[in-house]
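Enquirer: Below you will find the structure I want to go over with you.
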Amino acid sequence: MISMRGLPATRMRALSTLSWWLIRAQFKTRRAATLLSMLAIALGVALGYAIHLINDAALSDFGRAMKSVQGDPDAVIAARDSAGSVPLATINAIARDPAVLLVAAVIETRVRIDNAPTPVRLIGIDVFSAMAMTPDLLPRQDEQAAAPNILDGGVYASPALLARLAQSAQDSQSSQGKDFGTRAGGTLKLLRGEQQWLATLAGDLPVARPDDLLLVADIAWVQARFGPADGVSEGRVRLAPDTDLASWRQAWAQRLPPGLLIRAGDDDSARVSNLSRAYRVNLNVLALVALLTGAFLVFATQLTAVAQRSTQFALLGVLGLSPRMRLLQVLLEGVAIGVPGSLLGLALGYALAVTFTQVLGGDLGGGYFAGSAPLIVPALAPALLFLALGCLASLAGASYPAYLNRMQPLAQALKTGFAQRPPADARPAARSWRYAHSWVRRLPLLPLLLALAAFALAQLPPLFELPLAGYASIALVLVVGIASAPLLTQLLFGWLSAQPLPAPQRIALQNVAQAPLMAQVAASGLIVSFALTASMVIMVSSFRVAVDQWLDHVLPAPLYLRSKATPLPLDLLGALAAPAAPFAKVERMANAALTIDPQRPQVALLIREIEPRDPAARLPFTGPLLAPPAAMPAVWISEPMAEIYRLAPAQTLRLPLLGREVEVFIGGVWRDYGRQFGAVVISREDYQQLGGNFQPTDLALWPLPGQQAQATAWLAPWAEQYGLEVADSAAIRRLSLSIFDKSFAVTYALEAAAMLIGLFGLAVTLAASVWLRARELATLGALGFDRRMLSHAVMLEGALIASVGLLIGLACGIAIGAILTHVINPQAFHWRMALAIPWTAVFAGAVITLAAAVLASRYAARQATRLPVAQVLANAQ
Amino acid sequence: MLRVSDLAKQYGKANRPLFSALDFAVGSGEIVALVGESGVGKSTLLNCIAGLDTADRGSVAIGPQALDIVALDETARAALRARSIGFVFQAFHVLPTLTVAQNIGVPLLLCGVPAGEHAPRTQALLERVGLAGFAARWPASLSGGELQRVAIARALVHRPALLLADEPTGNLDPRTADEVLALLLERVREQQTSALVVTHSQHVAQSCDRILTLTPNGLLESGCARQ
């Protein structure tokens, strides 16, 4: 029987046995290093897989939630402005279209139930069309209760809402002795702004999703109480079979009034996916960094393993193990680390995803899917993909050591041990490698060219709306750092090593100046880990400083009050205007949402009582402020909106406002770190002149001098009665910065892991370097170096390598920090900010790392002084 | 058997000749000592014969099929070494992470000998080199003489056509060296293997069938030492 590559099956089996012996021996003798390599791979796989699982589950959950409420229509007709509506005439016209099978009209609004703090969605449905379109919203009448049915004004609550009401009732009963109607037949008081309506609970919504707080009633009942009088919120359309959706949509898009749009199913999924896309990609890049550091650890471990077993491999080569098999053996050892590491990573990733969703929900810390607790369902294909990625990372880490093992000159390795470079005449490939390598060593040209390429990449615009060129630029900066290490080492230490110095210092300097492979590997690990750590510290610090300054500007008032999505009650607004109120000034604001592009998340419309001649008093503008032409309203757009929709000051914009397209003038661009998908500010006067109904939802309050405590006390009963939130600006600032710090917590953990891996790489490679130079060190011992001198020489070597690594790492870190701040953040999240380098923190980090590196090199120094001089020299004969 | 014809090797950047036009043969069951001053090229000649170093000219035919190792590529040279050559080194080179039996079994694995034959062949050789009962021992627990016996067993277990030994007793005390040498010669003759032994020791050289002296001017034959 002949197997692959023409080897007889019996020989294959025999070689497999030998391979297994070697792998087992390797794992046994290098247990700690192998285990750490496995863990590093596991960490990368776990992070990537957990992010995938959480996001996949959250997206499916979000999609299901949308489908549950929206049903499964072919298309949805809706207003572009959340304050607008779809005219009934339009709904009727669409219903008469022969291509349309069914139109289900829906009115949706938010109400509060009595004094419960959380608003709920009140959905008015036409029960007959809902049967076909949104079966999840169909109510179940409680036959035993004396309650009207849906057509007679009964309302129906979802199980989650019923549970919430029961809990509120229990709390209120124990505290106030009040009773609420939480069973069928009971009465609910519905509040929206100053509007109050009583409704009778008639049953439940048996198939509503467990997390949804929903109230369903007949559409006419909702319309009569909450409006709009001549329209609906949405028309959900099911087309007749054989109707082409695209052409139907195109035809109707031209006939619809300008304030309306047609959404299809694809738009919904694209919009949901766009919500967290950049955030996901960023997290995945972090997972990739973790995987790469795992690959580096495999590289350091396998390189030292190859070096330490060089005579064993040389012997096996002499006995007949072919070069290909020697290469394959080290690759197999890489896979033997990668497979269990990746499997462990998959298990950890799954556990992490389950724990994360149970504790924090499915929003990945970015706030995109807050409130949902999706079910994690592992699928085979992604698991295999992440398994393959982990194995590939491990294989990549083992590939250069495997190549060196294959190229070892057998006779020489048997005599003198590991050759740190392939022999010059080994083969043409090796010659070209050496040639290229000597270029790197002798000329700064290659690092310089690579640095220029990195700079050029950082100037490129986003690809597929992602900062892919920026990520490539970061990778190139790291390559530049590693490539320039030998050059800098020779520059710094070459001259120094020729100076008259005490013997240990001179030995250490000479060894580092020659930049042997092990020293380069150790320095590379520190370059990469310190560069990534420093860059993250710089980016986070820049961002935090920017957010801090931004908060100063956007929180001018001492006190803030807001309702949750429902208009503020008029009696409160009236009381605030009365002379007895302890406030010097009150600014009102209303929120709405506009759909500019159906495939993108909505843009926030902020209607503010702002001084049109001095908007800079309230908004942090990034550029010049321009006055609009006469008779044209001005708007001020946020930075994300300017970048997403490619808008600039002085342009005019057709804004989908109040059921029509209104031409507005862009008067300026302001900085906004609060709304990633864009916001547009319009003054209350302009909004009302355009015919808008200004219903404030938020207030900025300036108490009378010295009366902040009285003002807070004055607001308390209103907040209690209407479920409003009151906070002072200091509390909002503290909360905002605490949310900011929490969202970057994962990066701090990764920074710590990266530094540990870098230091571990230094310790491992220094120890291997000592092992490789055992004869040299033993000779020095025989010539009169005592243990202290040997120890000093090795520790100084570690300190010198670490200094080079930290110096280059710092330079790369600043460059990467600048790319993260000026390229990645603006392109991925549309957040711009100034670079703020926390020099104290960065230098403190460098000093701590240097101290840790010296400590790590103590391990190698101890190895060096433990070498039995006589035995080593005897073996060397 | 081994036949070396017109073998030449240069060294250094100036391509100075180390040796040139070497011609000699070692017959089946014959043991030839290769002696010479340090730096004359004995080890390089041994490496060229084993295919660990490349000769600049000439041929090295090994085994009954007289395969020319110089003409083979790296992989084929490795395969020929696995099948037809056994090695004994001055520094033993026993794999520290494998047991004695596993060390001896390595050439059998590389030759693709069926697994069922490994244990009996290893056991038989262990008995013949005086290490019966050592199969499960680790190299770290053995003395220098015992390690070299393991190396001899490993060199002969796959019944190679040629045995190359580089100072096989150089690391041993005189009494152990005598025992190991006697064992090596006995087993080689028993298996009818051709053997080339590089040595500085007159005693070892005198124990061989013939002595070849490598000089800067070429090879000198000193006749049959034992006779």
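A Cβ is built for glycine as well, from the same backbone N, Cα and C atoms used for every other residue.
This is the feature table in TrEMBL:
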DOMAIN    A:285-400  domain 'ABC3 transporter permease C-terminal'
DOMAIN    A:753-868  domain 'ABC3 transporter permease C-terminal'
TRANSMEM  A:285-306  transmembrane segment
TRANSMEM  A:327-353  transmembrane segment
TRANSMEM  A:373-398  transmembrane segment
TRANSMEM  A:443-464  transmembrane segment
TRANSMEM  A:470-496  transmembrane segment
TRANSMEM  A:517-540  transmembrane segment
TRANSMEM  A:752-772  transmembrane segment
TRANSMEM  A:793-824  transmembrane segment
TRANSMEM  A:836-856  transmembrane segment
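Structural setting of the listed features?
Expert: Secondary structure of the domain 'ABC3 transporter permease C-terminal' (A:753-868) per DSSP (helix as H, G, I; strand as E, B; remaining residues coil): 101 helix, 0 strand, 15 coil.
Outside the transmembrane segment (A:285-306) by six or more residues, the chain places 26, 30, 33-34, 36-37, 40-45, 47-48, 51, 313, 330, 333-334, 337-338, 341, 389-390, 393-394, 396-398, 400-402, 404-405, 418, 471, 517-518, 521-522, 524-525, 528-529, 532, 746-747, 750, 753-754, 757-758, 760-761, 764-765, 767-768, 771 with a CB less than 8 A from a CB of the stretch.
With a threshold of 8 Å between CB atoms, the same-chain residues lying at least 6 positions outside the transmembrane segment (A:327-353) that come near it are 19, 22-23, 26-27, 34, 37-50, 52-54, 57, 294, 298, 301-302, 305-306, 313, 321, 376, 378, 383, 386-387, 389-395, 397-399, 401-403, 405-406.
Residues 37, 41-42, 44-45, 48-49, 52-54, 56-58, 60-61, 211, 291-292, 294-299, 301-302, 330-331, 333-335, 337-339, 341-343, 345-346, 349-350, 353-354, 357-358, 361-362 of the same chain, all 6+ positions outside the transmembrane segment (A:373-398), place their C-beta atoms under 8 angstroms from a C-beta of that stretch.
Tertiary proximity for the transmembrane segment (A:443-464) is limited to same-chain residues at least six positions away from its ends with a CB under 8 Å from its CB atoms, namely 470, 472-473, 476-477, 479-480, 483-484, 487, 815, 819, 822-823, 827-828.
Long-range neighbours of the transmembrane segment (A:470-496) within the same chain, counting only residues 6 or more positions beyond its ends whose Cβ lies under 8 Å from a Cβ of the stretch, are 285, 440-441, 444, 446-447, 450-451, 453-455, 457-458, 460, 462, 509, 512-513, 515, 519-520, 523-524, 527-528, 531, 535, 800, 804-805, 807-809, 811-812, 815-816, 819-820, 823-824, 827.
Within the same chain, residues 289, 292-293, 296, 299-300, 303-304, 307, 420-421, 474, 477-478, 481-482, 485-486, 489, 511, 744, 747, 750-751, 754-755, 757-759, 761-762, 765-766, 768-769, 772, 797-798, 801-802, 804-806, 808-810, 812-821, 824-825, 835-838, 841-842, 845-846, 849, 853 sit at least 6 positions outside the transmembrane segment (A:517-540) and bring their C-beta atoms closer than 8 Å to a C-beta of that stretch.
Beyond its flanks by at least six residues, the transmembrane segment (A:793-824) meets 282, 454, 458, 467, 469-471, 473-474, 477-478, 480-481, 484-485, 488-489, 492-493, 503-505, 507-509, 511-512, 519, 522-539, 542-543, 758, 762, 766, 769-770, 780, 785, 832-835, 837, 842, 846, 849-850, 853-854, 856-858, 860-861, 864 of its own chain at Cβ-Cβ distances under 8 Å.
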Enquirer: Please spell out the DSSP helix, strand and coil residue counts for the domain 'ABC3 transporter permease C-terminal' (A:285-400).
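Expert: So the domain 'ABC3 transporter permease C-terminal' (A:285-400) is made up of 93 helix, 0 strand, 23 coil.
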Enquirer: Within the domain 'ABC3 transporter permease C-terminal' (A:753-868), what mean pLDDT does the predicted structure show?
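Expert: Averaged over the domain 'ABC3 transporter permease C-terminal' (A:753-868), per-residue pLDDT gives 82.
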